[in-house]
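Chemist: I am attaching a structure below and will ask some questions about it afterwards.
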Amino acid sequence: KVTIKGIERELICPACKELFTHPLILPCQHNVCHKCVKEILFAFEDSIADGGSESSNQSSPRIKVSSSSMDRIDRISRSGTKRNSLTPRSSLFPCPGCQRDIDLGERGINGLFRNFTLETIVERYRQAARAAIAIMCDFCKPPPQESTKSCMDCSASYCNECFKIHHPWGTLKAQHEYVGPTTNFRPKILMCPEHEMERVNMYCEICRRPVCHLCKLGGSHANHRVTTMSTAYKTLKEKLSKDIEYLISKESQVKAHITQLDLLLKETECNSERAKEEASQSFEKLSHVLEEKKSAALRAIEASKNLRLEKLQTQAEEYQGLLENNGLVGYAQEVLKETDPSCFVQTAKQLHVRIQKATESLKSFRPAAETTFEDFVVDIAKQEEILGDMSFHSNGLEIPEINEEQSRMYNKALISWECPGKTDSADIYVLEYHKLNREEESVTWQEIEVYSRSKVISDLDDDSSYVFRVRGYKGSICSPWSREVILRTPPAPVFSFLFDDKCGYNSEHLLLNPRRTSVESRAGFPLLLGSECMQVGCYTTLDYIIGDTGIAKGKHFWAFHVEAYSYLVKVGVVSSNKIQKLFHNTHDMTSPRNEQDSGHDSGSEDAFFDSSQPFTLVTLGMKKFFIPTTPAAPKDPASRILPLPSCLGICLDCDKGKVGFYDASCMKCLYECEVDCSGIMYPAFALMGGAAVHLEEAVTAKYGEYHDDI
């Protein structure tokens with residue numbers, strides 16, 4: 001038999017810290033009061049109008065939102081809209097139970113189920129807590145009598161007499177379901193929140209929630225695996241019963257663990273006091289060092305002050321003597337009164353030297369000491385930064401390392417890191433970054449708290465370098481900072497497109513994946529049939545494909561991968577007024593080495609080939625990148641061949657009429673040339689033999705995942 005008062009902690013709402021009132025089941029399987037859900041989402045929407053201030057997020061005294069959730073509240077509130085009804089419109093909700101961002105779907109609160117089972121248990125708990133307070137009859141004339149039963153169909157409580165009056169024998173009301181006195185009235189049939197007129201009769205095993213037959217036929221659960229409600233009820237009840245029986249059978253083990261935990265509590269108290277004492281001693285040592293440095297600095301300033309005052313005072317007295325009837329001048333005037341030549345000469349010689357020095361000092365006056373104390377300014381910038389980073393360091397917490405291969409800089413920045421031991425020993429990570437600017441002496445780090453080992457960062461400036469570092473935290477203990485990694489953003493905004501499967505697409509030679517993000521050329525039977533034309537010279541065919549979206553103006557960047565086994569691939573841009581010529585010129589390479597009217601067999605045919613193309617392309621193949629022949633290109637052919645980057649990027653500037661080819665892994669420009677942008681420009685690709693090109697996928701922000709334990 002379960003003591004109802006022993007389960008109180010399971011009946012407390014994690015948002016308001018009070019007993020549940022009309023609890024709703026979130027997709028993460030945690031429960032929150034209906035009123036709390038609305039108030040939290042309303043607070044998010046209000047924060048949009050108030051600029052996301054902290055005060056607006058705590059407008060309701062009922063909700064206790066932790067300070068660590070404020071950044072998440074401000075971020076999530078941007079996805080909502082301003083309140084214009086009694087129902088909040090935000091689709092994301094920060095679950096106070098698991099601290100994750102939960103997607104409520106298009107219907108928001110209206111798509112959540114009410115947990116009637118939990119509501120019933122809460123009501124039983126309340127009745128046990130107020131056993132002395134009786135529930136009165138709702139229909140008695142004053143004074144009302146104590147109720148003896150409650151009708152679940154009428155949602156009302158009755159005494160014996162009133163129940164007989166309102167539920168006479170032989171009527172439909174006599175068949176109503178009645179229970180003991182209660183204030184918790186729930187519907188007899190659980191209705192679907194998406195289809196309000198349908199009762200739930202199935203259970204979705206994918207979403208782990210009850211659904212109706214309309215949800216299965218054409219709703220959001222159409223392709224999901226479902227089972228009957230009776231089967232789900234039987235299965236879940238058997239699992240829950242077995243788990244409960246197992247826990248009850250381990251009661252002695254649980255008690256032993258409780259005893260051990262009591263000892264650990266006492267040990268934790270003792271160890272915490274010892275740690276406090278050690279921390280206090282460390283800060284006292286640091287304070288003692290600072291006091292000594294402070295005393296030494298003040299003594300040095302005081303000594304310098306006294307020396308300077310002495311020099312300036314002596315200089316002032318000397319200049320005071322230059323005044324008439326004072327000091328040196330007054331003494332000289334008295335010497336001039338001497339009439340004996342020998343005595344005058346004896347005294348005047350030394351006096352004249354002093355008068356000359358005084359005269360020279362008047363011509364070039366300079367104070368005997370400086371009044372500023374710039375040499376005594378204490379530079380504490382580095383020490384202040386060190387003190388700001390001072391925290392508890394632990395040898396057991398591994399230093400995370402940013403994985404540059406898994407990190408990406410594209411439309412957004414994806415920063416990934418890992419621990420050397422391959423174990424996630426930290427509870428939370430702090431990722432810091434700042435824009436690299438050589439001119440700025442001091443930098444301001446942007447800080448983000450991350451609960452996983454990767455983070456997507458938006459709103460970075462184009463064509464800029466950023467410095468990233470990360471550290472792990474486990475409670476109040478943190479690891480040292482990781483090695484700083486510099487990554488560069490693309491030179492222009494990212495341009496999104498797919499391969500065009502209609503305009504000039506040769507389905508016999510090229511193979512597109514269903515998403516149209518990859519294209520493959522196979523050196524198969526069609527190429528062998530084309531080789532019949534190869535009597536003399538070189539006669540080859542390139543298969544072309546373009547992007548499904550064009551560019552009319554501005555500066556844009558896109559990236560892609562070329563498979564290492566690719567024999568020949570050409571990439572670049574083509575103008576809309578040359579596309580027709582492009583696809584009608586299928587046999588596009590005829591080497592002039594073997595033409596009868598060529599007249600030469602030198603390497604200058606490369607320049608002829610490049611200049612004759614109706615588009616701007618560069619050649620890739622056999623793990624190499626070939627720089628086209630231009631007057632500015634190196635004369636040595638070997639110096640025009642570079643290793644093929646793992647990811648290649650193209651930057652088209654329609655306003656300046658330039659196209660650049662980049663190593664997208666480091667955003668280094670490999671080759672740039674002018675291009676005619678008079679028409680609409682399209683990304684262009686050409687493949688021959690065995691080759692494949694994969695478009696770089698855009699970086700998308702992933703919201704926090706949650707796990708079901710049922």
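Just so it is clear, glycine is given a Cβ too, placed from its N, Cα and C backbone atoms.
TrEMBL: automatically predicted annotations, no manual curation.
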Chemist: Checking feature assignment: coiled coil per TrEMBL, candidates 34-61, 258-285. Which range matches?
Modeler: 258-285
Chemist: Pull the DSSP breakdown for the domain 'Fibronectin type-III' (399-492) and write it out as helix, strand, coil residue counts.
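Modeler: Breakdown, helix to coil: 0 helix, 43 strand, 51 coil.
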Chemist: Quick test of the contact rule: Cβ under 8 Å, at least six residues beyond the ends. What residues does that give for the coiled coil (258-285)?
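Modeler: Distant contacts of the coiled coil (258-285): none.
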Chemist: Where else in the chain does the domain 'B box-type' (187-229) make close Cβ contacts, counting only residues six or more beyond its ends and a cut-off under 8 Å?
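Modeler: Residues 25, 27, 29, 105, 107, 110-113, 116, 152-153, 177, 235, 708, 710.
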Chemist: Report the DSSP secondary-structure composition of the domain 'B box-type' (187-229) as helix, strand and coil residue counts.
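Modeler: Once the DSSP states are binned, the domain 'B box-type' (187-229) shows 7 helix, 11 strand, 25 coil.
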Chemist: Considering every residue in the domain 'B box-type' (187-229), what is the mean pLDDT value?
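Modeler: The predicted confidence over the domain 'B box-type' (187-229), as a mean pLDDT, is 80.
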